[in-house]
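Input: a single structure, listed below in structure tokens.
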Amino acid sequence: MNIGVLGFQGDVQEHMDMLKKLSRKNRDLTLTHVKRVIDLEHVDALIIPGGESTTIYKLTLEYGLYDAIVKRSAEGMPIMATCAGLILVSKNTNDERVRGMGLLDVTIRRNAYGRQVMSFETDIEINGIGMFPAVFIRAPVIEDSGKTEVLGTLDGKPVIVKQGNVIGMTFHPELTGDTRLHEYFINMVRGRGGYISTADVKR
């Protein structure tokens, strides 16, 4: 099982580190920095990390990955998108500078939680996982969750949603040290639906 992390910008290494922690019990797991279409062709799943959404968008266009990711998703490739990654895979970004891929039927408002100095961490309850420490950094807000399945909310707003083979969240699970969401994604890749036994997961 080869999981790729889109490697242009943002929390690329942090996602890699979380997956490496899980490789001890997933010995078939290999990791790839995805920067070219040929890289994408060799992965079974993709993580699109947080960072700066306009920069990531421009680079996916420049390197031909935008359309390639949409195509692979339509073919069933699982995708995990965090913060800026969620903006990229959304249906409506509310930002003319970033054309969403339409992989999640959500409407997004960028930087809705304020500037970086106003970032925060709080516990949220996620279906299939339980209480989880969520780190919000200039996070977007999901204004309309459309046809997605809402897995968790904060103050009545969805913060993590799933639709088919794509899961997206407004926060940064890679910054917590808690590997459960990455294990959830690995189980999605394995076709187990994502749900995990929290008793089996070491934080």
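The count begins at 1 with the first shown residue.
Here the Cβ of each residue, glycine as well, is placed from N, Cα and C on the backbone.
Same-site candidate for L-glutamine binding, as annotated by Swiss-Prot with Gly51, Glu52, Ser53, Ile137, Arg138, chosen from Arg27, Arg36, Arg72, Arg110: Arg110. Its Cβ taken as reference, Ser53 (L-glutamine binding site) is surrounded by 27 other Cβ atoms within 10 Å in the chains shown. One residue stands out among the recorded positions Cys83, Ile137 for having the most other Cβ atoms within 10 Å of its Cβ: Cys83. Per Cα geometry, Ile137 is the residue among the binding-site residues Ser53, Ile137, Arg138 nearest to Glu174 (active site, charge relay system).
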